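Under the heading Zn(2+) binding site, TrEMBL lists His141, His145, His151. What TrEMBL lists as region 'Disordered' is 78-108.
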Amino acid sequence: MRQSWRRCPGWMDKTMLTDTIIEDDRWQALGLAALAEAAAKATLARLMLDPAEFEIALLATDDARIAVLNADFRDKPQPTNVLSWPSDERGAEADGDAPELPAPDPDPELGDIAIAYDTCAREASEAGKSLSDHVTHLIVHGVLHLLGYDHVRDRDATLMESLEREILGNMGLPDPYREDDRV
């Protein structure tokens with residue numbers, strides 16, 4: 001689903017996989033654009049997809065804006081950490097199977113992600129994790145959703161979490177699901 005913060009086709013700098021639109025200036029101190037680019041590239045690389053062939057828009061916002069988006073698109077009028085809107089419907093045919101991955105296309109959009117500073121900062125603090133590690137995990141998580149991965153069914157969740165652990169491990173980051181790996 002194309003979001004209102006998107007620009008016209010061809011809007012992205014083709015050297016970048018992600019286009020980060022900062023609505024909440026608190027994201028600047030984190031270096032979100034570089035962090036998101038690294039997380040998205042690591043995710044595509046793990047799945048043997050060429051980042052140069054795809055585009056992702058990332059909206060860096062706050063709880064108020066993401067609550068509106070969550071209400072509009074999921075009928076849940078409260079903040080959440082991350083939302084994603086794939087450009088195409090993808091998904092596994094059977095529980096626990098990987099979805100069919102996209103091929104390079106004249107329209108390279110994988111989709112849109114929105115992330116809320118307030119919720120991410122609160123979750124990181126409560127979990128004893130660095131904000132940067134937590135947000136990197138959520139970007140990887142969001143990109144996997146754009147590619148058709150999900151965590152509603154148990155076997156799908158196991159597959160998605162396994163990929164998240166592997167991708168983050170490849171980036172030198174701790175397992176986000178292990179209690180003793182808290183930063």
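Cβ atoms here come from the backbone N, Cα and C positions, even for glycine.
Remember, it's a predicted structure, so these values are computed and weren't measured experimentally.
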Next item on the list: Please work out the number of neighbouring Cβ atoms within 10 Å of the Cβ of His145 (Zn(2+) binding site), leaving out its own Cβ.
Entry: 21
Checklist line | Distant-in-sequence Cβ neighbours of His151 (Zn(2+) binding site), under 8 Å, six or more positions away | finding: Ala157, Met160, Glu161
Checklist line | Cβ within 8 Å of the mean position of the Cβ atoms of His141, His145, His151: remaining residues of the chain near Zn(2+) | finding: Ser84, Gly142, Leu144, Tyr149, Asp150, Met160, Glu164
Note to self: I want to check the contact list for His141 (Zn(2+) binding site): same chain, sequence separation of six or more, C-beta distance under 8 angstroms. What comes out?
What the structure shows: Val82, Met160, Glu164
